Ligand SMILES: NC(=O)C1=CN([C@@H]2O[C@H](COP(=O)(O)OP(=O)(O)OC[C@H]3O[C@@H](n4cnc5c(N)ncnc54)[C@H](O)[C@@H]3O)[C@@H](O)[C@H]2O)[C@@H](O)CC1
Ligand SMILES: [K+]
């Protein structure tokens with residue numbers, strides 16, 4: 001399971017490791033790894049032009065030592081010294097190897113630009129001249145390799161407060177940093193290369209984790225010989241209204257494709273007609289009153305897509321939430337809960353699946369602040385509301401109390417289209433009904449949904465129905481990856 005850490009966690013581990021090693025060993029390991037990645041990108045190192053952007057700390061030191069190694073292999077290496085001071089020993093090694101100092105104009109001639117401005121020691125938005133150099137590097141024609149963290153990205157949170165380097169490759173030292181996995185930071189990273197500097201034994205419990213194919217395949221339930229549809233999990237779906245019918249069709253579709261043993265759909269006349277036409281597999285209860293008394297036993301509910309937010313919807317939500325099984329709350333039901341927090345007073349578990357706008361209503365926080373600080377707000381919602389939170393968006397994160405947040409690594413920008421959230425609630429709901437807890441159902445649901453999105457899109461537009469359709473292919477892909485040697 002890939003793990004990531006805050007800057008403070010990394011520093012503490014580095015101190016413990018450094019105490020056991022001769023001075024300079026870690027930086028030497030870091031620089032060797034960085035130089036090897038740069039050499040791989042350059043192909044033939046001899047005769048190429050490399051430009052280092054050097055800040056005042058050890059991040060610049062890494063870059064200078066790596067630059068010295070590349071100069072030793074015949075590259076023409078220049079450094080722009082951006083800080084009031086420079087890592088002395090690194091600069092000396094760089095000069096000894098034939099490296100020279102240049103002005104920012106040299107950026108345009110470089111085949112490869114190494115961003116050694118700041119790493120885990122940065123605080124706040126990049127100051128000048130760093131900010132200007134970061135933007136010039138992004139505009140220059142050469143490949144950009146970030147050392148440890150793209151400068152301008154907060155290593156611990158992924159927040160980007162101003163200008164930031166957008167790298168093609170980020171070479172990170174010792175362990176992944178949380179900010180490399182969470183947007184907006186994650187979108188500045190490019191390919192992520194992890195250099196082993198021996199930090200492993202000194203690392204604490206991770207700040208965040210991201211699941212792999214193998215992890216998700218291991219968490220999913222598979223039908224056994226004695227399974228029947230009831231044992232495979234019955235999901236109730238309370239969704240749709242006479243005004244919004246599509247959401248119900250998509251949520252039921254997501255649930256069926258993700259392997260629910262049975263889906264019991266409840267709703268008013270219009271969506272019932274649509275669901276019946278599209279999904280003859282669903283068992284349907286048409287509601288004239290907002291009640292679930294006539295619905296048979298279910299192991300979990302999905303509540304909310306297209307439900308509406310009037311009195312009828314409120315009453316149905318109250319009835320579903322009064323049940324004693326896990327409930328996934330999405331879309332309109334999140335609006336209902338934001339207006340009436342008492343609905344959340346229940347003993348069985350709750351998984352909420354908001355996007356930033358829905359979470360802003362639940363927390364009374366600014367939407368832009370949530371987009372900028374996804375982790376912090378997902379954690380806060382889990383703590384304040386006592387629920388598991390799946391915060392949707394460019395990086396989906398799943399938070400629950402007292403466990404490292406799970407950051408979803410699948411997905412594609414093509415998923416940002418109407419109805420995909422309804423499919424996700426069906427997929428995660430099916431996993432809840434199969435007996436996964438809210439945290440596993442949310443994180444595996446997001447993972448499968450993202451993977452299905454990639455399969456469905458294949459670099460072209462998709463519809464929400466395509467995503468539901470691709471869920472079985474996503475599950476097969478997990479199986480294939482889990483079988484092959486790792
Ligand atoms: N500590 C270690 O043993 C190792 C550290 N390594 C490298 O060292 C880095 C950390 O080095 P440092 O702790 O020296 O910190 P950094 O080099 O990340 O940055 C600190 C310097 O940047 C300046 N700075 C901070 N915020 C700024 C801003 N917003 N705009 C402009 N300047 C700003 C500070 O004044 C300080 O001089 C890691 O990211 C990694 O690259 C690696 O060599 C591995 C080993
Ligand atoms: K950097």
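Cβ coordinates are placed from backbone N, Cα and C, and glycine is handled just like the others.
TrEMBL entries are annotated by machine, without manual review.
Residues or ranges marked as (6S)-NADPHX binding site in TrEMBL: 58-62, 119-125, 130, 148, 247, 306, 355, 422. According to TrEMBL, the K(+) binding site annotation covers 59, 115, 151. Residues or ranges marked as AMP binding site by TrEMBL: 392, 393, 394, 395, 396, 421. As annotated by TrEMBL, domain 'YjeF N-terminal' applies to 10-205. Summarising the annotation, TrEMBL assigns domain 'YjeF C-terminal' to 212-478.
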*Residues near residue 393 (AMP binding site) in space but at least six apart in sequence (CB under 8 A)*: 183, 355, 356, 371, 374
*How many Å lie between the Cα of residue 130 ((6S)-NADPHX binding site) and the Cα of residue 395 (AMP binding site)?*
27
*Other than its own, how many Cβ atoms are within 10 Å of the Cβ belonging to residue 395 (AMP binding site)?*
21
*Taking only the Cα atoms, work out how far residue 61 ((6S)-NADPHX binding site) lies from residue 115 (K(+) binding site), in Å, as a whole number.*
11
*Largest CA-to-CA spread of AMP binders 392, 393, 394, 395, 396, 421, angstrom*: 14
_What does the structure give for the C-alpha distance between residue 115 (K(+) binding site) and residue 123 ((6S)-NADPHX binding site)? Integer Å is fine._
16
*Closest of 392, 394, 421 to residue 123 ((6S)-NADPHX binding site), Cα positions, binding-site residues only*: 394
*Scan 59, 123, 393, 394 for binding-site residues whose C-beta lands under 6 Å from an atom of ligand 2 and note them, or write none.*
59
*Do any residues at least six apart in sequence from residue 421 (AMP binding site), in the same chain, have a Cβ closer than 8 Å to its Cβ, and if so which, in order?*
305, 330, 331, 353, 355, 392
*For residue 306 ((6S)-NADPHX binding site), which residues of its chain lie six or more apart in sequence with Cβ-Cβ distance below 8 Å?*
239, 240, 241, 243, 244, 245, 246, 247, 248, 271, 331, 332, 422
*Counting only other Cβ atoms and using a 10 Å cut-off, which of the binding-site residues 58, 61 scores lowest?*
58
*Given residue 395 (AMP binding site) and residue 120 ((6S)-NADPHX binding site), what distance in Å do their CA atoms have, once rounded to a whole number?*
21
*Using a 10 Å cut-off, grab the number of neighbouring Cβ atoms around the Cβ of residue 115 (K(+) binding site), all chains included.*
34
